[in-house]
Amino acid sequence: MAFSYRTPQEELLSRLPQSQQEVISGFQYERIQKEEEKKVENFSFYLPEKTREWFTKSGVYLSPFAYVNHSHPGCKTLENHLLFNVVASYISKYSYVACLSIKSNKMSKMERLGPNSVKTYDILNRLVTAKDKARYGPLAKPERSPCPKKTNIFIHDEIHYWSRDQLETFLQVHRPKNLWATLVFPPEILAGYKSSVLPFLYQFEIHGKDLVYMPDGVRSESYTQPLENGFLLSSSSIIIKNRVTGVEIRYQVSLVYSLGSHHLFHIYPAEDLMKEEVRRFGPYDLFDVGSLFVKPVRVPIQDFPLSVFKKIFIYMSSLKKPDVQSAVAKLRQLSDADISIESVFMIQEFASRIEKNGVESWSCSFWGCMKDWFFDKLPYREVLEKIGLADDFTRRLMKIKPLAFDIHTTDRPLTVRMIIDQIWEERLSSFDNISNIVFYGRREWLNNGVLPKVKKKGLAKLIPGREVDSHNYPREIYSDLLSSTSIWRSYDDDFRHRSASPLVILRSNRAYSEAAKFSSNCLSLCAAPCDEVIARTPFELNHRREKKELSLKCLDFHIKKMKVKNVLELEVKLRERNTRISLSKKGVKKAGRSRMIPVHLLKPTCGEGNGKPEERNKEEAKIPMNEGTSKEEKGSEPPHSEVKREGVRLDEQHISEPLLSFKLDDFVGREKLCSAGLIKTVGNDYLLLARQIECMPLSQLRGKKAAYFCLDFPMVYFHDKVSYPTFEATGEIRHVMMKARSKWGIDFNSALIQVYNDGCRLPLHSDNEECYDDDGILTINVVGDAKFHTTCHDEVIDLKQGNEILMPAGYQKKNRHAVEVASEGRTSVTLRVHKRDFSFESKLRFIKGKFDCLFVSVAEIIHKKPEEIMMFIPHIMDRCVSNRGCSLDDAKAICEKYEIKIECEGDCGLVECGTSGLSIGRMLLRGNHFSVASVRRSSMDSLANSSKEIKSDGVLDHVTFNFHKRLKLVEPDLTNADIKVDSSRAGKLLKSLMDGMTGIVSHNSTHEGWRMIKGINSTSEMRSFMNMVRGQIEEPKSDLFDKVQELNFMKVKIYGIFGFAGSGKSHAIQNLIQTEFKGSQGIMVICPRRFLAKDWSEKGVDEKDIKTFESALKSDVKGKRLFILDEISLLPKGFTDLLMLKMHMEGILKKSTIVCIGDPLQAGYFCPKDDNYLSREGEIKRLFKGGVNYKWYSYRINKFIAKKLAIETMNDFIGIDEQSSIYKDMPSAHHFMEKKGNHIEVILVASMVEKELYSNYGNVMTFGESQGLTFNCGVIVLSEEAKLCSDAHIMVAITRFRRGFCFALGSKGSKEDYMRSMKSGLLQRICSGVGASKEFILGSSSVNLILSEKDIAKGAGIDEMDREARLEGDVWLKSMIYLGKRYHMVEPLGQVIKLTDDAIKCHIPVCSSQTLGPELDNIQAREYREFKGKNGWSNQFREEAGPNWKFPYKVNQAMSYEAVYPRHKMDDDLTFLAAIKKRLRFDNVANNYAKFKAAESRGKYLTKIFLKHVPIKCGRDQRLLDQCRQEFEETKLSKSAATIGAHSQRSDSDWPLDKIFLFMKSQLCTKFEKRFTEAKAGQTLACFPHKILVEFSPWCRYTEKVLTANLPDNYYIHQRKNFSELEDFARRFSNGSICVESDYTAFDVSQDHTILAFEVELLRHFGWDDRVLQSYIKMKCTLGCRLGGFAIMRFTGEFSTFLFNTLANMVFTFCRYEVPDGTPICFAGDDMCALRNLREIDTHEFILSKLSLKAKVNRTKVPMFCGWRLCCDGLIKEPCLIYERLQVAIENGRLMDVIDSYFLEFSFAYKLGERLYSHLEIEQLNYHQVLTRFFIRNKHLLRGDSRHNISELEWLSDEDGDNDKGSQIEDRRRGYSNCWGEKLQNLF
């Protein structure tokens, strides 16, 4: 880290003794004390942090104890500084000063300033503004006060109200010697800025000739002053004339001091002094945005903080993939809460530019210099940049600098307005309005009134784009009928000429809120020409949508207000009113408003009706202008208003015509019923629909008849226990649905028709089935009466015939509704939007156990699960749901799909279902129920014509549609190619297989090889098929031939993953299957080696889906969608083509994915029988002729071999000493390898003969057999056969080993003889030590290799992940994480020898699990166990089986194993309240701080005690701290990107750091002491923002590492350790003596202010930064949540909760007990166990009495720690506890999730063997024996290491079947039957 610079004085002081340093610091203290006494009154205002920093940098004194509140503290502090620090120092030297416009109390303060005090003065005030009356008191008079002449005058904050003439007159009259004046005026105005450069200190606005100044941005404190009166800033002198003599007198104007907007001027008679020609201001922490972004913007922003911009730019430059979201997140992190929206948009624009185009480099090439030179010479360069025809963004970015400006002074400066006009001269003087819109943005263009002057042609030229489409909603609503609300129209001046459409404007707030439910007035925007071509922005499109919605609501509102019920009533009213309307071409002049009828309601005239529809619509968009609408409109009439206008003429003739519109029905008769948006309509005619319903096939249900109709047929619909028959919507029901779509704007596609019996009731419910989104729902009351009730209001709605009820979108989430039928035959139609089908799980729940008898019967016959059949034939399942059962037709459909035959015996005889083959079973159909009568034995699984589908979890579709997409994301080196199946190549391999030349189990005559292809039923058919495939049949006429010919017109995409040996070719795809597709039966892996199959099975592929190439061809592939060909080079030539042929014949080729994995540099397939018959081209070259992406690196081979092969390796091991040594024979090689401790795992030979020869030396394999395997060490035999091997086989041999290998001669002669006879190849290069070059190796490949090399750090730097990609979903956290290169320290490897105990055979008596059941009698009734409240009980103990109960039968849950323990759930309010009451304490911040301050001395005392027992050196190890920060970030980023993105809300910078989210942990409390207990309070968890974790977690990790490194051996902390380490500690220190345990009460709550003081003092000793410590104290003292502020306490979920709990536990133990040196003690959070009998002491009682932390002392001979028994033989977990947990998992169907972890706990006790009798009583031994039998019998369920462990332990069991319970064990202190008694001796 970088150290700060220290001056020589600081260096000297740091070396002086402490006493001398204190003497010098005493002087500084006295000086600060005096200064504070003098200035505290004027500089103690509380200022925001940014303002404080600015004042400090400006040299303004601020009191360190700022507490005084003020409305504008910043400007007040600045004024005081100017008065008492600056002005006083200048005017104090005068004997007399006349003071104007200043309060007396300020002058009295200036009297008390010591050396700078003002001695003699007069206060002469006058009233300038209205506030001066109150400011100066009643003595001030409005006339000018007498002011002495030729004296010294000081004017305070008034001169900015004086004009230049007034100041000149004042100087002329009084002729002062010295005039000192303070001026408040933002200087940036004179530089052309319209906004403040110090917005945190002041802001201003310019309104015409006035300047509105707002101190601290507070608008209520603002005052107005003339804009022109800032002339002093640009004046160098003022010239006046003597009234008597007329002589000119020059007064010099000097700017003595300027800070912000406050200035001090000294005006005095001119002397021969240099003038101030330039006044310089700045630099400010801003930059001119216009200098970077020259293009026009919608809303201008002039400045932006430069420091923030630099940090964002540097951050963006450091990202590999900069994006807009990251930049905005960084802006939010760097800014306070008061961030402007314009700044966000600016950063978005900047980041978008960087993301899209990047930034050019700083260095410049020749052509780059030429381009810059050419750009500089361009004429109109700035104009070209503004309109986007040229760009110099990078150079503008490089030239950004802090904002600064100069003001040049003169004797006669320009006025401020003239200066502004001069700066903006281009805009104001330009008459080219097109240029104005480009330069200044459309918004400003409109505001400055440029729009009326722009002609249509000019606008079209400016923004070419697209046509404006015609409106389909009313654009005008002006008529006498709408007179209840003030409605006006607005248009531009060229309205008639441009045929623009006016917009509706509601001037009344009341009308606005009633009509549109908005709260503010609508804005009037000029409409665009209807005939022009204009490109619309997203803003315009959104505005247009809002305008349409507003217009429709307006019309609806007024029609409802007119109280018309139908169209006819509206037509009558319109006729009555229209007789009074007369319109002519000149228009009718009226005062106040336009009287017009809605244009969209008019029918076109006869002439127009003959025209084209487009023209008629265009004409309807034009209306005559009403010239007399208002004075304003009349005044703005353009000179060409007399042009004849076309439009709809609203005369008597037109009005007499019918005024019907197809849209009008939509607005008449509607009634809004409640605020939730419920709408009712009346007067609808559904007689035709009622007639159609009478003829519909409705299903009889309880109290009604019903059916479901869909536009998107077929769909199923059901809910609860009811399902409905489904039909396609046709006829009138379809017409009604389409009409409702148009009327309501909702895409209805389903209708539920129900005919009710009288009195039928539907209770309160919501239509929230999973097939729906929260769209609108329309209920049509076709016939009959009903009452409709909702929860959104209390009124009951009566539904009559023809009524409609619309429940809008979002209604179902918040409200429910109920219906009561009031008449027989009442018919309703409910229209909904059926978005999706029900899930498979929902359908399965509906039919399972009730309607699934057919699926169960067929599944039993064909040995499958019913769910698999349902998934394979989903439409049969849908019919079963709709019809509530299956029929014979469904059975036939299932058999036809599976191509099987099943007999079904029913009431009408025997029926055969299916037509293929013999019957494989018989079913009975009795009483609408299918059951199995008999099942014939069949080789169903081996037939190619049977189908193996996928599981019932929908994995098939998941694999089909998603796998190749996901594979592209996780595998960067994926290769793909489009392949056409080569039939001749496939035919050759097929014939070779049938003839027995290839393979061993595919011969046609002996192994029924004809079963490989679907549709082939005999050998003869297969022979004909082979001839057809090879093209040897001239005119074949069959379906098979047509099927094969289809392949000539198909291309299949093949994917490939290729790489060097050990490069991890299968790693990504295996991880993908393991994490996302595990257990899918839609996957088939084809492996040529048995060991490869084992690897795939461990990675999540079912063993039965891993095939050799022959078994793959003979098996059924119909249910597969993913085919992985591992080591494709070892597959026979033509296999891929034959496999694709087989897939095509079964109809799955198009929807399947094929992935090939292999290495072109390794050995390929070879068989002497078929070598001359099959194609010569290998599979890789055949499929990927254009080359493959190749992983040119390895994780396997050591550095020695990697160097020889010119490849990079991630294996850090250099190589064994015998690496590549050649020994004379095998015994010599074996001897020397074993002597150096290199165990030989394999011997590789070149031929099978050699394999037999060396078989007695151990594991021997040929080069080809070892392909794909990995070993540590081995021997390669050099024989004559090895000389003949290809380089590919040699490559296989030398790349099998991690650590290394040696050679052994296997031929006669010496090493030199062998080397001389070798050919020049890879083997010769390796044996000679020369090595092979990259070119040599790549030249041996059959295809072009596109190398993908790993970026391997040459030193210790390793970048282990793409952190930016991982953080893509959490841009807030991205800004907190270090994204640079990480460095890992590589620790030297050492060999650790660990002795293992000999296993002891153990005889375990057999015990029946039935004997363990009676213990459940200890469970009390639920009413005695639960918490009870006013509104019910808690819900910790289950009594009844829930709907998802998966146990074979529903048992009494009150006696289940889960009922033994309390369960906490998030929705259990009483448990949560109990948790709050027990585990939380509340207090205010002031009390927390006060208590902490009082406890600081106690904290130091506790730290001293702690360090006495755990000595730790004071100071900080910065390297270790950096490493901890790196480890924390790596751990944080080790989660998947999806998981990080899901928690992104925790990274939000707006999350208050002193607030947490509190919730309760959902868990089953399976601790031993919780068995059979009453309800327990929940465990509260705290969720902190990520900023807290990022800040403190690295320091906590550092503390943990330092503590661990310095911890004495006799202390054990169970953190980041496994149980084997705890076992070693117990064996080492446990001696069977009495042990001591501390049982803490409310441990987290008890960690109060005293513990916090201890933590702070200890962490300071550890080297924590003081800033971090202060932040930690603040967090602990101010933390709160929605419930209120917390007292100082510990929270579960807080960073490093375990560490701080452990520290508190340790210091309490050291205070409570006498702990001699060497005493073994285990600590883990609040758990403590001392393995010796410690004596309690009262030495530290005065401290312990102050602690809230209390503990009960427990002495025992059976110590328990973290739920484990500690004994001299190791660890034991209570067997009954494991047994009951297992039973709970079995009850809940979660055995597979927990069996491995429970086995791990069990194994510690199991490996103790006979020694277990010394530690367990007989009851626990019975549990242990039952567990032993369970794990042995279910070992096939174990995975990973557990499977190996059970195999190692299995032989220890020596059961003989006797049920020997042994002797009894009485109560003991800790254990099975009693937790309070002392342990007794075993009675065996």
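Glycine is treated like the rest: Cβ placed from N, Cα and C.
Residues annotated as domain 'Alphavirus-like MT' in Swiss-Prot, with sequence analysis given as evidence: 63-232.
Residues or ranges marked as region 'Disordered' by Swiss-Prot: 602-648.
What Swiss-Prot records for 611-622 (among others) is compositional bias 'Basic and acidic residues'.
For 629-648 (among others), the entry in Swiss-Prot reads compositional bias 'Basic and acidic residues'.
Annotated domain 'Fe2OG dioxygenase' per Swiss-Prot: 747-835, in sequence order. Across all of the domain 'Fe2OG dioxygenase' (747-835), the predicted model scores a mean pLDDT of 87.
Taken from Swiss-Prot, the feature domain '(+)RNA virus helicase ATP-binding' covers 1032-1191.
The ATP binding site annotation in Swiss-Prot covers Gly1059, Phe1060, Ala1061, Gly1062, Ser1063, Gly1064, Lys1065, Ser1066, and the record cites sequence analysis as its basis. Look at Gly1059 (ATP binding site): DSSP puts it in a strand.
Here Swiss-Prot flags 1192-1336 as domain '(+)RNA virus helicase C-terminal'.
For 1633-1740, the entry in Swiss-Prot reads domain 'RdRp catalytic', with the evidence type sequence analysis.
Its own atom aside, the Cβ of Phe1060 (ATP binding site) has 28 Cβ atoms within 10 angstroms in the protein chains shown. Taking the mean position of the Cβ atoms of Gly1059, Phe1060, Ala1061, Gly1062, Ser1063, Gly1064, Lys1065, Ser1066 as the ATP site, the remaining same-chain residues with a Cβ inside 8 Å of that point are His1067, Asp1159, Lys1191, Ser1194, Tyr1195, Arg1196. DSSP assigns Lys1065 (ATP binding site) to coil in the three-state reduction, placing it in neither a helix nor a strand. The C-beta environment of Gly1062 (ATP binding site), restricted to residues of the same chain at least 6 apart in sequence and closer than 8 Å, consists of Ser1194, Tyr1195, Arg1196, Ile1197, Thr1209, Thr1270, Thr1295. In this structure, Gly1064 is the one among the binding-site residues Gly1059, Gly1064 with the smallest number of other Cβ atoms inside 10 Å of its Cβ. Less than 8 angstroms from the CB of Lys1065 (ATP binding site) sit Ile1057, Phe1058, Gly1059, Ile1157, Gly1158, Asp1159, Lys1191, each of them six or more residues away in the same chain. Residue counts for the domain 'Fe2OG dioxygenase' (747-835) by DSSP state, with H, G and I taken as helix and E and B as strand, are 4 helix, 46 strand, 39 coil. Sequence-distant contacts of Ser1066 (ATP binding site), defined by Cβ-Cβ distance under 8 angstroms and a gap of at least six in the same chain, are Ile1057, Asp1095, Trp1096, Asp1126, Ile1157. Note: Ala1061 (ATP binding site) has non-local neighbours Asp1159, Leu1161, Gln1162, Ser1194, Arg1196, Ile1197, Met1291, Val1292, Thr1295, Arg1296, i.e. same-chain residues 6+ apart with C-beta under 8 A of its own C-beta.
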